[in-house]
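Chemist: As listed in TrEMBL for this protein:
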- 41-290: domain 'G-protein coupled receptors family 1 profile' (DOMAIN)
- 302-349: region 'Disordered' (REGION)
- 25-48: transmembrane segment (TRANSMEM)
- 60-81: transmembrane segment (TRANSMEM)
- 101-120: transmembrane segment (TRANSMEM)
- 140-163: transmembrane segment (TRANSMEM)
- 202-221: transmembrane segment (TRANSMEM)
- 242-261: transmembrane segment (TRANSMEM)
- 273-292: transmembrane segment (TRANSMEM)
Amino acid sequence: MNNSQISTVTQFVLLGFPGTWKIQIIFFSMILLVYILTLTGNMAIICAVRWDHRLHTPMYILLANFSFLEIWYVTCTVPNMLLNFFSKTKTISFSGCFTQFYFFFSLGTTECFFLCVMAYDQYLAICHPLHYPSIMTGQLCAILVSLCWLIGFLGHSISIFLISQLPFCGPNIIDHFLCDVDPLMALSCAPTYIIEHVFHSVSSLFIILTMVYILGSYALVLRTVLQIPSSAGWQKASSTCGSHLVVVSLFYGTIMVMYVSPTSGNSVAMHKVITLIYSVVTPVLNPLIYSLRNKDMKYVKKKKKSKSIQSRLPKSRVKRSHMESASEALPTSENLQFGEPTSKKENIS
């Protein structure tokens, strides 16, 4: 019997979140709110970097790319998840399921590598502030960004293609809110041990290597932070590093439970909660942690808000307001937020 005769499944059923209608409405409202906040926060970062020439630097180019990644990461799963709350059939086509599967893992892998590059940027900015401009050039930044996207989208392409060629002859019910590897493997009619082993090995390799690199970078950053004589500088650096590590730990902790450690003992409900954390919750936290607390970002927001207010004022008041705002200096990057080098004065002392 050939493959075309066996593969009779043309669509899958995503059960999503169980519960009464009221619980479904609560889930829908919460996920929709988080999705809107994620889009708004990340779009704000992209627009700020695009509009203000002062932010056309490697550190903010990385942030803009990361925000673009986060928008697509949540968009490849959340809209379909929201539609399923009101769908009676809750179906997704065979091609649609594997398209979601491919983009979900490709974007997730790309995020791991972007977190590596951002950790490297932070390491250079804090540990080698005087050499930062000469090392993290625009050319190097473009190469690193390109490699992140390239490796992310090629890393799982072969294994996902092989999984899509497996015979699926029924049943077609996936007890999840997205097309994930384990539920899909369980529905195949053919033995999947080898391809499943290869997929999880590649995933584990990407996750462990990037996590070790990130932790190593932050260990060197924290060692440098402890040597900062200024208490204000120490507090800024430790606060920033601590908040970054919280997001990294949340993201890597959940994906390691899903794709590195054995998960057979975990319930289906636990799998859904863990997947929801790293696929929906962490993307909404990243703009808050990495950018919106940043002084330069705050300045751009303040400037745009000021221009919006001035456009509604009479010309005489606009002129006076413009003269007052021109006297304010642009906040420098002499702080220890993401990717912002310490000042030379503080480094020499």
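Cβ from N, Cα, C; glycine included.
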Chemist: Between the stretches 101-120, 140-163, 202-221, which one has more Cβ pairs under 8 Å with the transmembrane segment (273-292) than any other?
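Modeler: If we count Cβ pairs closer than 8 Å to the transmembrane segment (273-292), 101-120 scores highest.
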Chemist: Which one, 25-48, 60-81, 140-163, 202-221, has the most C-beta pairs under 8 Å toward the transmembrane segment (101-120)?
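Modeler: That would be 140-163.
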Chemist: With CB pairs under 8 Å as the measure, which of the listed stretches 25-48, 60-81, 242-261 comes out on top against the transmembrane segment (202-221)?
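Modeler: If we count Cβ pairs closer than 8 Å to the transmembrane segment (202-221), 242-261 scores highest.
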Chemist: Who are the chain neighbours of the transmembrane segment (60-81) in space, where the CB to CB distance is under 8 Å and they lie at least 6 residues beyond its ends?
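Modeler: Sequence-remote neighbours of the transmembrane segment (60-81) are 14, 16, 31, 35, 38-39, 41-43, 45-46, 49-50, 92, 100, 103-104, 107-108, 110-111, 114, 117-118, 121, 138, 141-142, 144-145, 148, 177-178, 279-280, 283, 286-287, 290-291, 296, 338-339.
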Chemist: Report the mean pLDDT of the predicted model across the domain 'G-protein coupled receptors family 1 profile' (41-290), rounded to a whole number.
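Modeler: Computed over the domain 'G-protein coupled receptors family 1 profile' (41-290), the mean pLDDT is 88 on the 0 to 100 scale.
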